[in-house]
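According to TrEMBL, the domain 'Rhodopsin' annotation covers 29-266. According to TrEMBL, the region 'Disordered' annotation covers 284-303, 318-341. As annotated by TrEMBL, transmembrane segment applies to 12-32, 44-69, 89-111, 118-137, 170-192, 204-229, 241-261.
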Amino acid sequence: MDIHADRGPVLIGSVFPVATVATLAVVGRLISRRIKNQPWRMDDYMVIVGLVLTWGCAVCATLCVQYGIGKHLETINTTFPYVKFWKTLYAFNQVYVATGPTIKISLLLLYRRIFDTALFRLVVFWLVCVNIAWYLAMSLSGVFTCLPVKGYWITDLPGRKCMSLLNYDIGYAVVNIVLDVFILILPVHMIWRLTLTASQKIALTFIFLLGSFACVTALMRLLVSILHVNDPDLTWVYLDALIWTVVEPSVAVICACLPTLRPVLSYLLPRKFSLSTASRKSKTAYGASGYPKGSTTHSTDPQLLARLDDSGSMKALNQTTVQGGTGGDDHDSEGGMEGITVRHSIELREYR
């Protein structure tokens with residue numbers, strides 16, 4: 001083993017390319033909005049905030065490399081800037097714990113716009129609340145990891161008391177993964193209730209399930225942290241956990257943008273997308289429901305709720321409209337994905 005080895009460049013080479021791809025994904029998402037003549041929505045703003053926080057994590061990780069992360073501790077013991085390193089790690093933790101909930105809320109708001117039913121809105125509302133509560137709990141726990149607070153970076157402070165960093169990491173990671181799984185499967189049930197062909201349902205399900213990559217990176221981060229927790233060569237082994245910690249939010253940003261990118265991909269690769277569309281049309285003129293592709297069908301959702309207004313005299317019946325086909329000319333549809341447009345209408349009936 002070369003005790004003078006330096007793995008710091010490995011972190012730089014791993015973190016910044018993925019963060020750059022995440023940036024391109026967000027830019028592509030915003031360009032897609034422009035192509036469809038749609039304004040930015042709250043989910044777009046939230047994913048932008050998530051991207052900024054992701055870059056904040058990357059910058060903090062780079063500073064940790066400058067302070068010795070990636071080198072063997074015995075080679076830098078006399079010069080290791082402990083205070084600067086732990087202060088940077090303290091700031092990094094606060095940025096990191098804000099990144100996950102922000103990206104998850106962005107994805108939930110996107111779901112809310114695509115699948116706008118009463119029950120789904122309620123589920124999304126509670127999941128957003130859980131994410132906010134989770135962030136507040138982890139942020140406050142991170143701020144007061146040590147008492148007094150400066151004991152986090154002054155390791156020999158008299159009277160210093162700190163919670164287990166491993167327990168903190170495990171607590172965050174477990175909730176993070178559980179929420180990822182819930183949010184991942186949330187739209188699948190809605191997709192399979194739409195009046196679409198089986199191939200369309202499978203394609204949409206696949207797009208949304210690509211978010212499982214974020215779950216995998218979160219799990220890898222947890223496993224690496226557990227494996228190296230008792231290793232005395234802190235600066236050498238912590239690099240692996242730090243890499244996964246920064247890659248995880250970058251992958252989450254990419255996954256959150258994937259369902260929105262078809263307009264910009266169709267613009268950049270018109271030949272590829274036009275050929276795939278023509279191929280689908282040539283196979284059959286009718287969908288599985290018996291209606292021509294591109295036609296509009298109406299279905300009554302068994303779980304859609306009738307709501308009374310404040311006067312108690314009007315009942316609103318929610319109705320879902322699904323339009324198949326390429327959807328290329330639908331510039332004004334609210335929140336629909338390219339190729340699939342879900343509309344909702346309200347019929348008011350007066351009872352006397």
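Note: Cβ is positioned from N, Cα and C throughout, glycine not excepted.
Residues 97, 100, 104, 107-108, 111, 114-115, 117, 120, 123-124, 127, 130-131, 134, 138, 141, 201, 204-205, 208-209, 211-212, 214-215, 218-219, 221-222, 225-226 of the same chain lie 6 or more positions beyond the ends of the transmembrane segment (170-192) yet place their CB under 8 Å from a CB of it. Sequence-remote contacts of a segment are chain residues at least 6 beyond its ends whose Cβ falls under 8 Å from one of its Cβ atoms, and for the transmembrane segment (204-229) they are 107, 166, 169-170, 173-174, 176-177, 180-181, 183-184, 187-188, 191-192, 196, 237-238, 240-241, 244-245, 247-248, 251-252, 254-256, 258-259, 337, 340.
The domain 'Rhodopsin' (29-266) scores a mean pLDDT of 86 in the predicted structure.
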